[in-house]
Every structure is written in structure tokens, then in C-alpha cells.
Amino acid sequence: MTATKQHKKVILVGDGAVGSSYAFALVNQGIAQELGIIEIPQLFEKAVGDAEDLSHALAFTSPKKIYAATYADCADADLVVITAGAPQKPGETRLDLVGKNLAINKSIVTQVVESGFNGIFLVAANPVDVLTYSTWKFSGFPKERVIGSGTSLDSARFRQALAEKIGIDARSVHAYIMGEHGDSEFAVWSHANVAGVKLEQWLQANRDLNEQDLVDLFISVRDAAYSIINKKGATYYGIAVALARITKAILDDENAVLPLSVFQEGQYGVENVFIGQPAIVGAHGIVRPVNIPLNDAETQKMQASAKELQAIIDEAWKNPEFQEASKN
């Protein structure tokens, strides 16, 4: 757990497009004092090169130790961030990645735990809700110390899309996407607000959007990744900054409320899955979920989303290899 020492150490596992963008975001924002980057042996030199390149920005930002790391370096880390995994290709859903990325995740988590690591896992590889669950299972860690990026990026996309339509700074638009980080996610329209004014009331007063506009807006948010992947091959800047925000909340013990993939223990009638909902996060991980009162339609969407994730998990855990590796 973090905040037990003044030195703030992050280990990044995976130096691909997401990982390297995350590392750049940490440097730009002056987050963490030490950053180790782990890559597979055949890409070790890339990690060395990225560490060197990033270090050349430190004179413009703040001091930080940056280096190509090994799993042994995880032993005294505050936070291990997992971005490594097979990338989502055009035409693939995040859930299509399950088989490939569960095996990768098992190898990573096993080696991190064997180092003596006793901090917090932050998972961003897709499908993130399933891989957050597998990180919890393979690590044996308490659920509070295994966190997925969840719907943090989706919620940011939602806020920005609304902000652009109504001409308001996105930081003054408060709205959440909940559920799976993927096709079954949903917008929590019942609590969306602009500077404390319910979105419904705002729209009645300003007539910025009609009902069909809102439907189209949500679809554009839900399908944003597919659109970007078709245009440029991958998404990485948005999720990198989302991960940096979560990292700062943990290292600085902010007790910030962020939409993350967190373990469900009956809230919304859902159990035994990690799924996107707001939660308080600080130096010890998840302090507690924030159970926003959903209306009936939203609750049904949450349950349907969880059911899809549960089916994927149940199918995956028929694999004896994953059963044997489970510690939770």
C-alpha cells in the first residue's frame, strides 16, 4: 500500500502505445518519483530507449528516476500498472481479446507477486473488467488493492461529448458511464448535471439537444474506440491520461471519486465481478464504492452488463490452468 514512505514508485508493465503514453503523461504532470518500465526480453531495448528519451524531459518538469526494469524491481513499488496485452484490432471487441490476454495477465501477475510486491495493482489491458478480475484471482490480493481503469475513459468521453454540444467546459459537466468498459456500458442520465443543474433541466432551459441527439451522443461515446481504431489503429492518449489521474489519486492519497472497475458485493444486485462504477480511491486502494442510486432502467442495464462479464469469466475459468493459479 502507498503513503508508507516518501518515495513514490511506479512500475509499468507494457511499453506499447498505451504504456509509453502513460509514462509520458506521468513525466509531463510530475507524478511519481520513480518509474520502472518492464517489457518482454525481445523489447527490452525499447524500454531502455523510452526511459532515456523520457529522462530528457525532466529538466522541463520535475526530478524522477526512470529506467528499464525487471520484475525484481516490483518488490518495493507502490503501484504496478499493467498495460501489456494483445492490442484490439479493427473488427474485434474488447471481449474478443480474453483468451490471449488472460494468459499474458497470469504470467505478469505471477512474476510481480513473486517479487514480494505488496502495493496496488492498476489494470488497463483489455478486456479490463475481466483482466482486473483475473489479477485479483491470480494475485491473492485483497479486492481493495486491485483496481481496473474501468469506465474512467468512457466517462471522460461522455463529459467531453456533452460539453462540446452545450458549449460548457467539460470540467463543469458531471456524468458517469457505468458497467463494462465495452459494448454493454450505459450512461447514467439520471445523475448527469451541469454545475449542479440536472441535465434534463439544463436542456429544457437551453434547448441545446433533443432526445435523439442524446441517443446519438451516447452511441458515439460507446463506440469511440472502434472509430479511433479504424482511423489510426489504436487508442492510447485518452486512457494514458486517465491512468495518470488514477495514479495521482493513489500516490497522493486523495480519496478522489473516480469511475473504476471495482469488485461487486451485492450493490445493484451484482456480485463477484469487477465492473465500472464510481469509487473513492486513495493510498490504500479502493476506500469504498460510491453506490449512486440508479433508476430501474439503469439498474437493469448494470445487471445485464455484469451478466455478460460473468459469462465470459465462467467460460474462461473452465481452463484448469487458470483454476490452479487462482488464489482468491
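Every residue gets a Cβ built from N, Cα and C, even glycine.
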One of V18, V27, V113 listed by Swiss-Prot as binding NAD(+) at the site of E39, K46, Y71, G85, A86, S107, A124, A125, N126, S149: V18
Top Cα neighbour of S149 (NAD(+) binding site) in the set of binding-site residues V128, A156, H174, T235: V128
Entry from the recorded positions list R159, H174, H181 having the most other CB atoms no farther than 10 A: H181
Residue from V18, A156, H174 whose C-alpha is spatially nearest that of H181 (active site, proton acceptor), among the binding-site residues: A156
Length of the line joining the Cα atoms of D154 (substrate binding site) and H174 (beta-D-fructose 1,6-bisphosphate binding site), in Å: 13
